[in-house]
Amino acid sequence: MATPHINAQVGDFAETVLMPGDPLRAKFIAENFLEDVTQVCDVRNMFGYTGTYKGKKVSVMGHGMGIPSCCIYVHELIAEFGVKNIIRVGSCGAVHDDVKLMDVVIGMGASTDSKVNRIRFNNHDFAAIADFGLLETAVAQARKLNVPVKVGNVFSADLFYSPETDLFDKMEKLGILGVDMEAAGIYRVAADLGAKALTILTVSDHIKRGEKLSSEDRQKSFNDMMTVALETAIKL
């Protein structure tokens, strides 16, 4: 039945849901990548859709910005609607010298400055990691599609405009590839509820070098990321 944040019914969602932050991006994915699409929810304009990709049922839904927002939607999708696999599809700002604009980054693990995971783990650190099966499948599909990917740790930040600019140097030293705002929270919720999760990101800007994609290049890199995510989804 419907929840306070998702006005859908059990069975409306596929077992695998792709989740961008922007609900309009979810709409774009549904209209441009899926077939036989049905809109299944729209509370607070957080749109969700279910359709097919190459004949297999797939859903897509926005999750908003930041760990508190995404955790609400991920929790309800898994706990109330029986979703088994969450694949976040979004963008990140690179901090590592080996990462270039338009690269696809797959978050094997996610560090964070958020306290949300510690609150849910008796104030201990939680190792927020992707499901290995999803990770392995995504890497294999990327290689098959000749899409260059970087696999490693990302950093899920609470602040978009952070005053701690020196932290980026520390991130690079520790091998962190890029910064998003949700992966660590999604991984924790999925682990808590016995589901699987993965984060696939496209590099839209390089924080340390001050580089940014043009709108045209941003769309191309997004399409590459989405193809990897969808090809992964239909293998599950």
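Using N, Cα and C of the backbone, Cβ positions are placed for all residues, glycine too.
The following features are taken from Swiss-Prot:
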type	residues	note
BINDING	H5, D180, M181, E182, S204, D205	purine D-ribonucleoside binding site
BINDING	G21, R25, R44, R88, V89, G90, S91	phosphate binding site
ACT_SITE	D205	active site, proton donor
SITE	R218	site 'Important for catalytic activity'
Which binding-site residues sit within 10 Å of H5 (purine D-ribonucleoside binding site) - Cα, from G21, R44, V89, S91: R44
Pairwise CA distance, R88 (phosphate binding site) versus E182 (purine D-ribonucleoside binding site), rounded so that it is a whole Å: 9
In three-state DSSP terms, the structure that H5 (purine D-ribonucleoside binding site) belongs to: coil
Collapsed DSSP category at R25 (phosphate binding site): helix
Rounded inter-Cα distance in Å - E182 (purine D-ribonucleoside binding site), R218 (site 'Important for catalytic activity'): 20
Close binding-site residues near R218 (site 'Important for catalytic activity'), where close means Cα within 10 Å, chosen from G21, R25, V89, S204: S204
Fewest other C-beta atoms within 10 angstroms, as judged across H5, R25, R44, R88, R218, which are the recorded positions: R44
DSSP-derived structure type at R44 (phosphate binding site), helix or strand or else coil: helix
Cα-proximity to D205 (purine D-ribonucleoside binding site), 10 Å cut-off, over binding-site residues R44, G90, S91: S91
Around the Cβ of M181 (purine D-ribonucleoside binding site), the count of other Cβ atoms that are within 10 Å: 23
Separation of alpha carbons, V89 (phosphate binding site) and M181 (purine D-ribonucleoside binding site) (Å): 12
Fewest-neighbour residue among binding-site residues, criterion Cβ within 10 Å, set G21, G90: G21
